[in-house]
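Notes to accompany the following structure.
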Amino acid sequence: MSDTHTSYKATVQPSVLKGNIFAPASKSSMQRACAAALVRKGESNITNPGISNDDKAALGVIEALGAKWKIEDEILKVNSEGVNAAGNEINCGESGLGIRMFAPLVALNKHEITINGEGSLLTRPMDFFDEVLPALSVSVNSNGGKLPLKIKGPLQPSNITIDGSLSSQFLTGLLMAYAAADASDVSIKVIDLKSKPYVDLTLKVMQDFGLKLPENRNYEEFYFPAIPVNQNATVIDYTVEGDWSGGAFLLVAGAVNGDIVVKGLDVASTQADKAVLQALIDCGCKISIQDAQIEISSAPLKAFHFNATDCPDLFPPLVALASYCEGTTVIEGVHRLTHKESNRALTLQDEFGKMGVEIELQDNLMLIKGGKGVKGTKVHSRYDHRIAMACAVAALKAEGDTEIEEAQAVGKSYPNFFEHIQQLGAKVEKA
Ligand SMILES: O=C(O)C1=C[C@@H](OP(=O)(O)O)[C@@H](O)[C@H](O)C1
Ligand SMILES: C=C(OP(=O)(O)O)C(=O)O
C-alpha cells in the first residue's frame, strides 16, 4: 500500500468528467465496525474494509486493545475476547472519531493507559473527558483539555447527563462503552445533541454486531434496559457502507463539470451526508437517484439554502458546488466547523478567496457568492482532507490550473481521491 503521509502537490487542470466510479468505504462505518468487533467476543467478518488513515488508526487501536485481525480475500477478519489492553499506550492517529469513540473503551481497562494522536488531533478539544469520565469512576489526566490523555478505569456505567453540542462523537464512545460494560437500567441523558444521524449510525452498527442496544428517547436520553443480551452468539458478517461524505465530492464534481455515475452509495443509509442529495436537487443539476447508482451531470446551477448543522462535513463540497451556482448560497451551521481538522469556516473562506470566490461569514451562516467564475491558482489544503478535495472539485471548471499544496491530506478519509477523479478523466499531476 502506498504511503499516504508523504507530502505532495496536486495540480488539477479544468476537465470534464465522464464515466462510472465507486464511492470509497465510509470511515464512519468502518471505524464503528472495528470498535463493535472489538467489543463483542468472537469472530467478525467485515467486507469492503476501508483503507484511509483513520481506518488504519482504528485497526491499530483495536489491536492494542486486544483484538486480533487479518485481511483475507479482501475481508477483514477480527477476533476478539472483548476489550483487554496488553500495553499502556494507544495512538488514534488524526481521527477525532477514533479518540472520542475509543477513549471510553480504553477506560474499561483497570490499568493506566496513555492515549495520544497526531497532527490536527493534538489541538482538538478533549476536555469533555475531564468532565465526564470521573462520574463513571475513571480517573483522567489530560494536557489542559488536549491530548495526551492518561486514563485509568474500569469504567462503570451510571446515570449521567452530557452536553452533545460540541460533537456527537463523545456520545458514540459512551454508547459503545456502556454496551461493552453490560450497562443495566442506566441512561445517558444528552443536552443539545448535534450531528444526530451519526448517532443513528452508531446504533445501527451496534445492532448489526448484536451489542446491547439502548432505547433512543428522542435523542435526549439513551436508556440501557436491565435485560441481559448475549453479545457473543454467532459469527457476525458486516459490510462497510459506501461513503456519502467522500461521495459528496464526486457528486459535486459531476454537477459542476461532468456526466458521471456514482455507485455504492446506499440511499437508505443513516449517514448524515446523504443530505447532499437535497442540495444537489435544489441547485438544479441533472440528477437521477436510483437504488444502486446516482447519475449526475451539469446544467445551469442556481444558489440554494442548506442547513448543515447535523452534517457539518458537507460544508467543503457544498462550497465547491455553490461557487458555480448563480447567486448567493446560504449554508447554516458554521458554528459546527471550528474544531474540525482545520477551522473550516476560515480555511474555506481563505482558500476559496484565493480562487476568486467570495465567502462571507455572518455568525452561524456562510454566504457564498457564486456564479462569478472561479480562477485556478495556488491553494493549500491546510492539512485538511476536505479542504483539499473541495479545491480539487472547484478546479474542474476553473479558469487555469489549480495547484493544491499538501494534497496528501486526502489520505485521512479518501486516499484514492485523486486517482478516482483521474479515472473519470480529470487531468491531475502529483509532484
Ligand atoms: O461520528 C462520526 O463518524 C463523525 C461525526 C461528525 O463529527 P461531530 O459529531 O463532531 O459533528 C463528523 O464531522 C465526523 O467527520 C465524523
Ligand atoms: C471531522 C472529521 O473527522 P474526525 O472528527 O473523525 O477527525 C472529518 O472527517 O471531516
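The backbone N, Cα and C atoms fix where each Cβ goes, and this holds for glycine too.
TrEMBL does not curate its annotations; it predicts them automatically.
Annotated 3-phosphoshikimate binding in TrEMBL involves K27, S28, R32, S167, S168, Q169, D313, K340 plus, out of the candidates S137, S139, S195, S381, the residue S195. Within 10 Å (C-alpha to C-alpha) of R386 (phosphoenolpyruvate binding site) lie the following recorded positions from R32, S168, S195, D313: D313. By the criterion of other Cβ atoms within 10 Å of the residue's own Cβ, the least surrounded of the binding-site residues R32, K340, R386, K412 is K340. For ligand 1, there are no nearby binding-site residues; that is, of K27, R32, R124, R344, R386, K412, none has a C-beta under 6 Å from one of its atoms. Within 10 Å of the Cβ of S195 (3-phosphoshikimate binding site) there are 24 other Cβ atoms, across all protein chains. In terms of Cα distance, none of the binding-site residues chosen from K27, G96, R124, K412 sits within 10 Å of S195 (3-phosphoshikimate binding site).
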